[in-house]
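Peer 1: Reproduced below are the annotations present in TrEMBL:
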type: TRANSMEM; residues: 62-81; note: transmembrane segment
type: TRANSMEM; residues: 115-133; note: transmembrane segment
type: TRANSMEM; residues: 160-180; note: transmembrane segment
type: TRANSMEM; residues: 233-251; note: transmembrane segment
type: TRANSMEM; residues: 257-276; note: transmembrane segment
type: TRANSMEM; residues: 285-307; note: transmembrane segment
Amino acid sequence: MFSFRTLLAAPPLGAQIIRKCPPSWMPYLKLLRIDLDAGWWIPAFPAFWGMALALREGDPLWMVPVWCVLFLLGAIFMHGAGSTLNDMLDENFDRKVSRTRSRPLPSGMVSRKQAALFLLFQLFVSLCILLTFNTTTIWTAIAFLPLVAFYPLAKRFTWWPQAVLGLTFMMGSVIGWTAVRGSLDLPAILLYAGCVFWPLHFDTIYAHQDREDDIFAGVKSSALRLGEKTKPALLVFDILMVGFLAAAGALAGMGWAFWPVLALVFAHFVWQLWALDINNSERCLYLFSTNWIIGWLVLAAIIAGQITA
């Protein structure tokens, strides 16, 4: 019988792909984070949301699947580039943390030179994808590059690297909007503001798995900063995310069906908070992995709002 728990327990699609590829590809696919499905849905969903919110009557719908493919590929390679840079900077930290000790660099599967060359390849592919879009989208993406470069260093300097993650990899929301509209408008800015709180929610939950390792390695996280105040803080983040999404939807002219589906987004957040035990690593990982449902629910809300507008 089908259940979400059974689906979530299945091996990630990326892990299944890796098993079917030549062994020599494995270290590079792991640098790309293909083995973790979160490596694509974290940055891809906001781009899908921005695109769907921006669509208007008369827009070329035949471009939607093209944009979706470009957003997905861009998400994979840009997130992969950030992850590879992160691994290069954190090689010594990763050797101290049990969860990251098996990554390609600390385990010796690839050299720093090989990782650097692969990073350049990913950046080149990302640039080629970016150049297929309009000028506004290109310059918007370029404006985020300093954040992309800073993110791997954030946990050394701030208790809120999850906020930096949100500011960085939620850029897809404005990329998706500008790809359709060719301009950066208030609904896109509100959507981006809401998206920033999503990683503050799910990555704080994820970071609770690594609290002891992070303390040992001397790095910071929102999980360490919040501690036992995690649940009320996450509730505030969730309210802010849904509030900004509601404002973006209202300004973009969403129809009535947008609202009940958006309410389901908040309901799913509340369920996660009810189920959360920050001292149970397996529960934290499980709840983190349910956040792809949020991605689909927000997309469904926008599509429903467009249909009933």
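A Cβ is built for glycine as well, from the same backbone N, Cα and C atoms used for every other residue.
As the structure is a computational prediction, the values presented were derived from the model and not from experiment.
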Peer 1: Please report, as numbers and ranges, the same-chain residues at least 6 past the borders of the transmembrane segment (257-276) whose CB is under 8 Å from any CB of it.
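Peer 2: Cβ under 8 Å, 6 or more out: 201, 205, 230-231, 234-235, 238-239, 241-242, 245-246, 249, 283-284, 287, 290-291, 293-294, 297-298, 300-302, 304-305, 307-308.
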Peer 1: When you scan the chain for residues with a C-beta under 8 Å from the transmembrane segment (115-133), skipping those not six or more beyond its ends, what do you find?
Peer 2: 28, 31-32, 70, 73-74, 77-78, 80-81, 84-85, 87-88, 104-105, 141, 175, 178-179
